[in-house]
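The annotation active site, proton acceptor is assigned in TrEMBL to LYS35, TYR253. Annotation source TrEMBL lists substrate binding site at ARG130, MET301. Residues or ranges marked as domain 'Alanine racemase C-terminal' by TrEMBL: 232-356. What TrEMBL lists as N6-(pyridoxal phosphate)lysine is LYS35.
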Amino acid sequence: MPRPISATLHLGAIANNLQVVRRFAPGAKVWSVVKANAYGHGIARVWRSLAQTDGFAMLDLAEAVLLRESGWQGPILLLEGFFQPQDLALLDRYRLTTAVHSDWQLAAIAEARLSAPLEVYLKVNSGMNRLGFAPERLHGVWQQAQGIANIAGMTVMSHFATADGPEGVQQQMATIENAAAAIPLPRCLANSAATLWHPDTHGGWVRPGIVLYGASPSGRWRDIAASGLQPAMTLSSEIIGIQRLKSGDRVGYGGRYGATGAQRIGVVACGYADGYPRHAPTGTPVWVGGVLTRTLGTVSMDMLAVDLAPCPQAELGTEVELWGRRLPVDDVATAAGTLGYELLTALAARVPVASEI
Ligand SMILES: *Cc1c(COP(=O)(O)O)cnc(C)c1O
């Protein structure tokens, strides 16, 4: 018997989530973002469930090549562009659309020997200060790019820092519109949060990632609970040990949880080496055999402890859901002081993955 832990991918949920995105952005084409190996779900496993998309976006050239070789013939966008001029041979061969955020990339495209011109996304830094040309340079860069025979179509691209919060996108939108006012190109601006909550950003293409996997861009499940989005991954395991504590007994490394009376606890085959957050404190929600309960003490590498007081029927072999259909990953992430993004992408390679419709 292998360890009882496993991740189940709900492929129907992923297809559903793309349809939800289309309802939110009916006029836009969709880049389905599958970076970080499809947010931990596995590009090879999930891309066919997203085959109704208009294109796939990612960072890693190797992932883009894998997707092409798996049979996807539509557009692929490299969100960070290429990392060295030699990469252009692969962009050419696999017909990849590339972000361009730096002068050296434009120069490299101009000098490359390509079989056909490439589609280019001109990235403007509208306030996030990560990648992109300064807004006041965008117009000049666009004019320069128009003179490069190796460039086919162009799109203006930018990225929002606060689309999921009260600050919204207004200031960055003003910067973009100011910089691109005289540039008659399509726009591609919206991440998941902007796709859901800022329709004025949609433009020609949206770029949702996290919502395709059924987690919230804000980190709060309640913000998407009514949207029709469905969790795409359930991480489950079983109780492999039971302990009966008496008052004063402590649990796990550091003895961080102490029983104040007689108490039954379960030990679950899941730890931080599986991708469960080590920082999840006592009280992090966990679903045990049909009942919502809480973790106790420090998460170990391979195990964690759960309170069985609310679930007296639980025994060895009882099913435990760490996150998924019955317990939003956002709720676990919130308790651990992080986001669903981090938990999903941190799923460890040692966890076996099964897919279901
Ligand atoms: C990750 C990423 C996205 C998708 O972000 P979500 O919040 O997951 O929707 C879109 N655009 C860029 C440039 C990104 O890096």
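The backbone N, Cα and C atoms fix where each Cβ goes, and this holds for glycine too.
Keep in mind that TrEMBL annotations are predicted by a computer and have not been checked by a curator.
Note that the coordinates shown come from a computational prediction; the quantities given were computed from them, not determined experimentally.
Feature annotations (TrEMBL) mapped to structure.
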residue	record	DSSP class
LYS35	active site, proton acceptor	helix
ARG130	substrate binding site	coil
TYR253	active site, proton acceptor	helix
MET301	substrate binding site	coil
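Rounded to a whole number, the distance between the Cα atoms of MET301 (substrate binding site) and TYR253 (active site, proton acceptor) is 10 Å.
Around ARG130 (substrate binding site), the same-chain residues six or more apart in sequence whose CB sits under 8 Å from its CB are HIS159, listed in sequence order. Taken together, the residues of the domain 'Alanine racemase C-terminal' (232-356) have an average pLDDT of 98.
Summarised by DSSP class, the composition of the domain 'Alanine racemase C-terminal' (232-356) is 19 helix, 46 strand, 60 coil. LYS35 (active site, proton acceptor) sits 26 Å from MET301 (substrate binding site), counting Cα to Cα.
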